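These features come from TrEMBL:
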TRANSMEM  6-26  transmembrane segment
TRANSMEM  38-58  transmembrane segment
TRANSMEM  90-110  transmembrane segment
TRANSMEM  137-156  transmembrane segment
TRANSMEM  232-255  transmembrane segment
TRANSMEM  357-382  transmembrane segment
TRANSMEM  402-426  transmembrane segment
TRANSMEM  446-465  transmembrane segment
TRANSMEM  503-521  transmembrane segment
Amino acid sequence: MADIFLICVIVVSLVILLVVGLYFVIKYQHPDDKNDAYVPKLVVWLGLVLAGATVLLLPLDVANNEGYAGCDGFNTAICGGLNMELFWSIIYWLIPIWVFFLIPLSMFYYEADDGMLMAGTSIGAKPNSRILEAIKYESFVVVIFGLIFGVTYLFLNETSIPVREVVGPTFASGPTYTIDDPVSNGTFSPALLESMGSGDTKVISSSSADPTLGTIELSVSPAVFYAGLMAWMGWFLFALFAAIGLAAVPLELLLAYVDRPRHMDAVEFAEAQLLLRDRVNELVNVGELIKLEREERAEQNGGKGPGFFDREARKAAADVRNTMIQFKQAVYLLEEDAEDFANCTANYKNYNPLIPIGCLIGFFITFIISLCWILQLILYMLPKTPVTPFLNSYFEWFDGWFPLFGVLSVAIFTLYLLLCAVKGCFKFGLRFLFFQVHPMKLNKTYMSSFLFNVGLILLCTLPLVQFSVTAFQDYARNTTINGIVNVQWKYLKFFGWFWQKKVFEYALLCVTLLTCAYLGLRPRDSSTPNSLALRDRLRARSG
């Protein structure tokens, strides 16, 4: 029977996730989307709930303890009775549906809202036209990823689990137990089994184990395989962005305290105002040059995009995209600086002085959590024989006097990594300009940015769960997900090699250390030199 307390925890947690997700969407949405884009909002809201539920399933699985052999019936004192395998299976199917179907479909529909979609093809403002156009583009996504999923499952759905053969004495040499249960009516059930005694211990000690490991080949279910495939795909993003976020999150909070608004005298005010005005003028010039260049290219190409085999045209189009990314980055940083200037001048009296103090406290908390994650990697996860269980011992110590604190600690550490992944993605895009940044700002976030970030979060949830289960393997040894991650996923064909060799863990540690060094040299984001270089490059091209 399921534990009533755990059922209450599930209900309360789900309600909290729904409320927090809805509040987040309402507070961060742009005013232009206030009475529009209801379907994308629903996808974003439920996507946030799905991401939070996926991460929180791990501490729930820890509290449930159904991976313990005694939960089959003979020692159920620590068992929660929840069918976690069913819960994880639901998550395994929902994440691909969101990532590869609902989010792209909503993105295509939302981007078509102004009558222009993708390559500049006008489709009009009718909702039916937007829906049909979105379905057309989404069909390509479904076909491509459907083929990838189908082919990989067809050829790579087997897992080779290492096993060791153990030969024991005959049953006659073991202890004898008498079953006396009138309720059973002569039928056997696991509830009739007893816990091990001293006689069982003697039998086990007299057993002999084959020193050579063998393997057993098993086919995994589609749900487990697709979850493993999604985890493998997401690991490339998670290892990069979470690593950057581990260093960037504490640094951003520290800089928010160091650069807190201060009163400016007349000279400082005039200098700052003049600098902002010059940057605004430079970006206005850049915007005009970009507009003129796009109009010239549109006239030359007749409104058509570059052909696939036209290398020069594709190169020019890529240069235009990079120019737009760099321009948007400069605009974003200018807006940030303008907001800071306003807090130092017009809004100085209304600025809450507790915000910098909260940032300083947050810095110490996030610094400790980031340091603990790095130490857990170095001391427990990467060595062949762990130096120390570290965080596992901390969680088990908490469970010794109040179990709820250990479970909450797991939730805090896992949710923090998810935050680091989002922050790392934004920081990477802002510094290196490989893709368009999608910042999340109060009352200034468009649904396209919402959808992008929710997709990123969902892609990182399964590798995050796998990473956390591996990091807390001692503490989470009785979880259902531990049997999936460290048995079925770990030894999958092709994909298992990356997890057995700890490729992603080494990559995450290396990127974290490199990010610490890089941010130590360049802690602040700056666009002034980049915007000037961008203006000069555009003038040279137009000339």
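Start at 1 and count along the chain as shown; that gives each residue its number.
Each Cβ is built from the backbone N, Cα and C atoms, and glycine gets one as well.
Just so you know, TrEMBL annotations never went through curation; they're auto-generated.
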Ranked by Cβ pairs within a distance under 8 Å of the transmembrane segment (402-426), the first of 6-26, 38-58, 137-156, 232-255, 357-382 is 232-255
Answer yes if the transmembrane segment (232-255) and the transmembrane segment (90-110) have at least three CB pairs under 8 Å among residue pairs 6 or more apart in sequence, and no otherwise.
no
Ranking 6-26, 357-382, 446-465 by Cβ pairs under 8 Å to the transmembrane segment (38-58), which is first?
446-465
Using a Cβ-Cβ cut-off of under 8 Å, list the residues of the same chain that are 6+ residues beyond the ends of the transmembrane segment (6-26) and lie near it.
41, 44-46, 48-49, 52-53, 56, 60, 63-64, 80-82, 450
